[in-house]
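Trainee: This is the structure, below, for whatever I ask next.
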Amino acid sequence: MFKESPIIRRVSRQIMVGNVPVGGDAPITVQSMTNTLTTDVAATVAQIKALEAVGADIVRVSVPTMDAAEAFREIKKQVNVPLVADIHFDYRIALKVAEYGVDCLRINPGNIGNENRIRSVVECARDNNIPIRIGVNGGSLEKDIQEKYTEPTPEALLESAMRHVDILDRLNFNEFKVSVKASDVFLAVESYKLLAKQIDNPLHLGITEAGGLRSGSVKSSVGLGLLLAQGIGDTIRISLAADPIEEIKVGFDILKSLKLRSRGINLIACPSCSRQEFDVVSTVNALEQRIEDIMTPMDVSIIGCIVNGPGEAMVSDLGLTGSSKKSGYYLDGIRQKERFDNTDLVDQLEQRIRAKARSMSERLDEKNKIDILTKD
């Protein structure tokens with residue numbers, strides 16, 4: 001098994017979104033977007049804090065009006081995670097939230113207006129040390145680009161992005177990242193591949209308007225997986241018509257599956273068949289809910305029989321292999337004398353997983369202390 005990802009990431013510049021680095025050798029960040037009314041400060045703050053609690057590195061907030069900008073001011077005071085203001089149509093809103101300490105400005109080339117307006121936003125961003133995201137979307141391209149290509153194409157999205165990259169370059173502004181999102185997987189993937197060849201700025205990945213929880217997760221996993229596996233991407237957002245918390249979970253699961261960022265339990269489980277010695281599906285479903293709060297990276301295998309069970313368990317931090325009445329238990333790849341009663345697996349597994357997580361976390365903390373002392 002690969003313990004580390006074989007993926008070689010594309011070389012990119014690094015920018016700072018608040019205190020979070022994006023690009024360069026920084027970990028790929030996972031972000032989401034609030035779906036509350038921004039003018040409802042209490043609801044928006046509560047959702048941002050919930051997103052932060054499940055691991056969101058960055059949160060984007062829509063700011064469609066000046067009233068929303070005033071609400072954003074209050075929201076920013078009450079949260080710790082870096083906030084991106086999502087700006088469309090009225091560039092003056094970007095200028096206003098810049099005064100209120102926004103950590104990044106997202107502007108849409110398709111509707112932000114002419115170069116003079118962009119210049120105003122850039123100058124304000126520079127004065128306040130705020131990065132910008134050029135956020136191209138296949139559904140809102142500039143009118144002349146729509147007329148030129150008649151429909152969204154990779155070349156159309158690239159032209160829109162490069163038009164605004166060139167503007168920022170002429171203004172000698174380098175603190176920006178770029179996205180070229182589309183709801184079609186192939187369109188998005190090809191657009192990002194073209195863009196990655198043209199610039200070295202950080203890339204924000206996403207399949208826009210991907211769909212509901214199941215279908216959107218699949219589309220996003222396929223699209224982002226294709227790009228990330230080629231080393232493309234510095235920050236990701238999973239766009240789902242679902243609770244934004246699910247976007248963070250899916251985002252981390254994608255990175256975990258590619259070994260690009262480890263966080264939480266990597267649960268390896270068989271789909272079950274007539275050979276299973278215990279109810280694998282119900283065990284895994286119950287266990288997932290019990291251990292989703294554990295952040296320590298760990299491989300746990302739950303296999304219902306002895307065909308693949310021992311092999312998976314031997315390369316896992318903790319493994320269970322189904323056997324009649326009592327199942328075999330492995331720790332660090334070594335079979336233990338202890339066996340688990342098949343009628344009480346979830347409680348037993350949760351206890352062992354939590355104990356193992358504590359042990360691994362303590363070892364990691366000790367290693368980090370040694371590394372710091374060595375560097376000093």
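Yeah, the Cβs are placed from backbone N, Cα and C, and that goes for glycine too.
Below, the features straight out of Swiss-Prot:
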- Cys270, Cys273, Cys305, Glu312: [4Fe-4S] cluster binding site (BINDING)
Trainee: Taking the Cβ of Cys270 ([4Fe-4S] cluster binding site) as the centre, how many other Cβ atoms fall within a 10 Å radius?
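Mentor: A count of 20.
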Trainee: Quick one: of Cys273, Cys305, which of the binding-site residues has the smallest count of other CB atoms within 10 A?
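Mentor: Selected from the binding-site residues Cys273, Cys305 on minimum Cβ neighbours within 10 Å: Cys273.
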Trainee: Note down the number of other Cβ atoms within 10 Å of the Cβ of Glu312 ([4Fe-4S] cluster binding site), including every protein chain shown.
Mentor: 21
Trainee: Could you name the residues, excluding Cys270, Cys273, Cys305, Glu312, of the same chain that surround the [4Fe-4S] cluster site, i.e. Cβ within 8 Å of the Cβ centre of those residues, in sequence order?
Mentor: Pro271, Ser272, Arg275, Gln276, Val280, Ile303, Gly304, Val307, Asn308, Gly309, Gly322
